[in-house]
Amino acid sequence: MALVTLEGVGKTYRGRTGAWEAVRDFSLDLAEGEFFCLLGTSGCGKTTVLNMVAGFEQPSTGRILLDGSPVERPGADRGVVFQGHDSLYDWLTAIENIGFGLRLRGMGRRDRRAKAEHYLHMVGLDGQGAKHPSELSGGMKQRIQIARALANDPRILLMDEPFGALDAMTRAVLQGELSRIWAETRKTVLFITHDIEEAVALATRVGVMKRGPGGTLKAVIPVDLPFPRERTSDAFMAAFREVHALIHDEIHGAH
Amino acid sequence: MTRFTVRTERFATIAGYVAGFVLLFLIWHLAAVYLVKSVLFPPPIPVFDRAVVLIEDNILQEQIVASMRRILQGFLLGSVIGIPIGLAIGSFRIVRWLLEPWTEFFRFIPAVAMITVAVIWFGIGEESKIFLIAYTTVFVVVISTAAGVGAVGRDKIRAAQCLGASRLQVFALVALPATVPYILTGMRLAMANAFVTIVAAELIASNDGLGKLLWDARLFMQVEDIFVALVALGLLGFLTDRVFRLLIRAFAGRFNATV
Ligand SMILES: Nc1ncnc2c1ncn2[C@@H]1O[C@H](COP(=O)(O)OP(=O)(O)OP(=O)(O)O)[C@@H](O)[C@H]1O
Ligand SMILES: [Mg+2]
């Protein structure tokens, strides 16, 4: 059975400017342990899909199941890494941010600290735990967010363009780290991006979205390349071209 | 190295303040001696001489203590009432609908306009002054606290929710600490209002305090006394604000790097 199932999910926003159908008839099964990249142009509805899986928003049509039960609200079984880093708590240190979910569950101070240190190490920030978010770089903040989500041991990790605001070099480094962490933990991941190379580098499957209104899943392509992936290899290039051909129409198609 | 730079920076700040005050008194001196040349505008030196006399007679200290005690009592009372109300307005839509008309109504009635009411209700004793200071403090603190709650980033709350936080946990562990800088800023603004209010209240109805000193000086045409009171007010306000900023740094600096 799939870990997460989206069945004919649609979302229509109603506001001052009338109704806007952001997502239409979106169906997808996410298997336990896979790294699924959802790829699409800006405004096609990627964040809307993620927000519904996270439980921040309710679908207008269709339904979303986690382990067979409908998603109704946000919960600790779905960890989210946000696009910006406004989600970190400025008044807590890095280590306290990572241990925040454990604190909510009433875990004792010392256990919490030990576990948080473990994840701090996993995201490569040993020795930086006492710093506050204002003393960390953008890349470090995203690492903290990832560690915070992982420390809570969710069933699935939902990531909304987590590296979108970083420079190209930092982004490549973090992609490598994330790939390594995923290989270590085999956590199920739903990862949103509009960067084809990022998707091909990370994913076991790439879903390409059709642009809105009524954004929906256009095609799903498996990426059967071994990790760590060599970005200059022929096989990587071939996968890149395949995805690129699909998304090309979305970027340049008449509208 | 860092200790050294922190020290020199602090020294430079203090030196800047001293230079600023020296310049202020110099201009005052020049204006009084060469420009205005009137007994109604004394230069700084006789004013300082007079201040020394008032301090030796223990008069100035008494007035300062009287005014500052009222300010602190009213200010603390107003903050203690204002913070929970502001938190409730910011957190619950129903409370906002109910109470926002109140705050929007009363904040346009300045404390100075309430002096007569305060005197009728509480007499010219301490209660009326404390009421007025608390009154002027409450609305500023309520409004900035409520604004702070409203300004908590949506992602901060969502992050807590998907880490498993209950509504109470979201409030206590996210909304409240995120609002602390707003609360402190509101209190700092309220402190400035408190100075305005206390002088006006003491001018009209009081047996002591800096406002009373001003009033008596006017009655007996002791121009130097007026200026002593004015300088004392300025310095007290300045010092209070510094102390407040230090407290904000000490207790909440880590809440917000920009404080
Ligand atoms: N709260 C909302 N109210 C009204 N319309 C919305 C709302 N949120 C999103 N939309 C609209 O839905 C569409 C999809 O938005 P969404 O944020 O999901 O796009 P996206 O694929 O994540 O884009 P990007 O890559 O730029 O983040 C957009 O046209 C957007 O204007
Ligand atoms: Mg988005």
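A Cβ is built for glycine as well, from the same backbone N, Cα and C atoms used for every other residue.
Feature annotation from TrEMBL assigns domain 'ABC transmembrane type-1' to B:64-248.
Here the transmembrane segment (B:12-36) has long-range neighbours at 42-45, meaning same-chain residues at least 6 beyond its ends whose C-beta is under 8 angstroms from one of its own. Per TrEMBL, the feature transmembrane segment maps to B:12-36 (among others).
Annotated transmembrane segment per TrEMBL: B:71-93 (among others), in sequence order.
Positions annotated as transmembrane segment by TrEMBL: B:105-124 (among others). Outside the transmembrane segment (B:105-124) by six or more residues, the chain places 131-133, 135-136, 139-140, 143, 193, 196-197, 200-201, 204-207 with a CB less than 8 A from a CB of the stretch.
Residues or ranges marked as transmembrane segment by TrEMBL: B:130-153 (among others).
Sequence-distant contacts of the transmembrane segment (B:165-184) (same chain, at least 6 residues past either end, Cβ-Cβ under 8 Å): 83, 86-87, 90-91, 141, 144-145, 147-149, 151-153, 156-157, 244, 248, 252, 255-256, 259. Look at TrEMBL and you will find B:165-184 (among others) tagged as transmembrane segment.
Look at TrEMBL and you will find B:219-239 (among others) tagged as transmembrane segment.
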